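To start, the structure itself, in structure tokens.
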Amino acid sequence: MAEMEMADQRAENNVVSGQPQNSIADFDPPKKPKTKKFAVACAVLASMTSILLGYDIGVMSGASLFIKENLNISDVQVEVLNGTLNIYSLIGSALAGKTSDWIGRRYTIVLAGTIFFIGALLMGFAPNYAFLMFGRFIAGVGVGYALMIAPVYTAEISPASFRGFLTSFPEVFVNVGILLGYVSNFALAKLPIHLNWRIMLGIGAIPSVFLALGVLAMPESPRWLVMQGRLGDAKRVLNKTSSSEEESQLRLDEIKEAARIPKDSKDEELLLRPTPAVRHILIAALGIHFFQQLSGTDSVVLYSPRIFEKAGITSYNDKLLATVAVGFVKTIAILVATFQVDRFGRRILLLSSVGGMVVSFTLLGVGLTVIDQSHSKVPWAVGLCIAMVLFIVAFFSIGLGPITWVYSSEIFPLQLRAQGCSMGVAVNRVTSGVISMTFISLYKAITIGGAFFLYAGIAALSWVFFYTLYPETQGRSLEDMEVLFGKYHKWREANAMLNKTKQADHGFGDDNKAQIH
């Protein structure tokens, strides 16, 4: 009887309101969007190309010790050997932007793996220094391709809600590669000296084969497909990588809107005569790549055996074992950052990371200076140096390391993204090459403690730069970025304006905020 009365009441309400009335049972609590496993799998596969660079950095830290002895080369030749791969990678990163716009993001990743495979084999069979340098040239081109395209592909296939998580994967795999390189050094160090370094370098070819094959199973970037006019294919990819049909359609609409470029405009014109927003984006993207490498963390990673030797650790075995600890700490730290970047945002992790590096570089400089000026072993200074090396790589990996790639891959407008990221990689690799090729000469000129005091000063300068010019991009769609940029240090005003616009578009004005909450 009661049920009949409730049905009659609903019918009466329908007549009065003109709208159907639902029962409480008709209302379901909103479901939390689920992370699409397919998007995660694609991001992991694309990002694993970064293992190639990481392995080379890690393995060269130990292999260069044996190469120096076996080939009888000088410290300057060691610096050139270590640093030139970064310079050679400029060729790959410069070509990758146009290549990925031409053949697609996916096949560019395959190309990167193929080129590195050839380079690694050449290094493994190198009979002399000149042939070894040629192998590093080929491998460097492959690294340049991989560094540019992996973050771009991952950013373009990821929903905004967990884009930071997925686009930090390339840096995760750089760290995994570094750890594998350190482990390879330790495991193979006791082989005959004419074999150990060649095997260390040659086995870097193995993962590139599996990566190239695995990437063929991935879909193409939906943004690239839209640029080619293949809207149906783009929609199918977005359906697989979005949490709902509505989100998929919204992402497609945003990409289509961003891809509407006037026919008489050219990408080169936007880069050479940029709007205020594009100019700010260029400063931010190139600046974060520049300071990531100028801070000197690559010197710590690449020359950690020498740093430990200066700190008083003399045996090959102990030095290489200590580098394994560096790789392990670096990998754990990057995993923490990966799961927190979409929770805390880009700015807080970036500023905390750089601040920690300033303190750690300073204390490492203090410890090394004390050891350098003492005539006997100073245990507390040795312990301080080892701890600070671990802290430097940990602080770098929780912020500046991954966020450089996350930030620079997400802020460019669609038509400039591939070429803009290519420019960022070029700056990154040139700066890394300069740091790698000058560290030994630098510490011989101003002492090893002085070198790290210099890096501390550079990191402090970068903190001010990031604090002033870098807006928070957490949760923003790739197509929103141009609104956030252009006001430089007044970016907070643009952020507030964008929030108001979003609220108005969704009917969340000031009058109904109370009803929502």
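Glycine is treated like the rest: Cβ placed from N, Cα and C.
Unlike curated entries, TrEMBL annotations are predicted automatically.
Under the heading region 'Disordered', TrEMBL lists 1-30.
Here TrEMBL flags 12-24 as compositional bias 'Polar residues'.
Here TrEMBL flags 38-60 (among others) as transmembrane segment. When Cβ-Cβ distances below 8 Å are used as the criterion, the transmembrane segment (38-60) is approached by residues 81-82, 85, 105, 109, 112-113, 116, 139, 142-143, 146-147, 149-150, 153-154, 157-159, 166-167, 169-182, 184-185, 200-201, 204, 207-208, 211, 214-215, 217-219, 240-241, 298, 301-302, 323, 327 of the same chain, each at least six residues removed from its ends.
The annotation domain 'Major facilitator superfamily (MFS) profile' is assigned in TrEMBL to 42-474.
For the transmembrane segment (109-127), same-chain residues at least 6 beyond its ends with a Cβ under 8 Å from one of its own Cβ atoms are 46, 49, 52, 92, 96, 99, 103, 134-143, 145-146, 149-150, 153, 198-199, 201-205, 208-209, 211-212, 215-216. Look at TrEMBL and you will find 109-127 (among others) tagged as transmembrane segment.
Positions annotated as transmembrane segment by TrEMBL: 133-153 (among others).
Annotated transmembrane segment per TrEMBL: 165-183 (among others), in sequence order.
The annotation transmembrane segment is assigned in TrEMBL to 195-218 (among others). Nonlocal intrachain contacts for the transmembrane segment (195-218), taken as residues 6+ away from its ends with a CB within less than 8 angstroms of a stretch CB, comprise 42, 45-46, 48-49, 51-52, 55-56, 59, 62-63, 66-67, 70, 106, 109-110, 113-114, 116-117, 120-121, 123-126, 135, 139, 142, 181, 184-185, 188-189.
Sequence annotations record features per position, and here TrEMBL assigns transmembrane segment to 320-341 (among others). Distant neighbours of the transmembrane segment (320-341): 58, 61-62, 164-165, 168-169, 171-172, 175-176, 178-183, 185-186, 189, 300-301, 304-305, 308, 313, 349, 386, 389-390, 393-399, 401-403, 406; these residues of the same chain sit at least 6 beyond its ends, with a Cβ under 8 Å from one of its Cβ atoms.
Taken from TrEMBL, the feature transmembrane segment covers 348-368 (among others).
Under the heading transmembrane segment, TrEMBL lists 380-405 (among others).
For 452-470 (among others), the entry in TrEMBL reads transmembrane segment.
Between the transmembrane segment (165-183) and the transmembrane segment (380-405) there are at least 3 Cβ pairs closer than 8 Å, counting only pairs 6 or more residues apart in sequence, which means the two stretches are in contact. Counting Cβ pairs under 8 Å that are 6 or more residues apart, the transmembrane segment (348-368) and the transmembrane segment (133-153) reach fewer than 3 and are not in contact. Listed by sequence, the residues of this chain that lie at least six past the ends of the transmembrane segment (452-470) yet keep a Cβ under 8 A from its Cβ atoms are 280, 283-284, 287-288, 291, 294-296, 299, 346-347, 350-351, 354-355, 357-358, 361-362, 364-365, 368, 407, 442, 446, 488-489, 491. Here the transmembrane segment (380-405) has long-range neighbours at 151, 167-168, 170-172, 174-175, 288-289, 291-292, 295, 297, 300-301, 304, 307-308, 310-313, 322, 325-326, 329-334, 336-338, 340-341, 346, 349-354, 356-357, 360-361, 363-364, 366-368, 370-371, 374, 428, meaning same-chain residues at least 6 beyond its ends whose C-beta is under 8 angstroms from one of its own.
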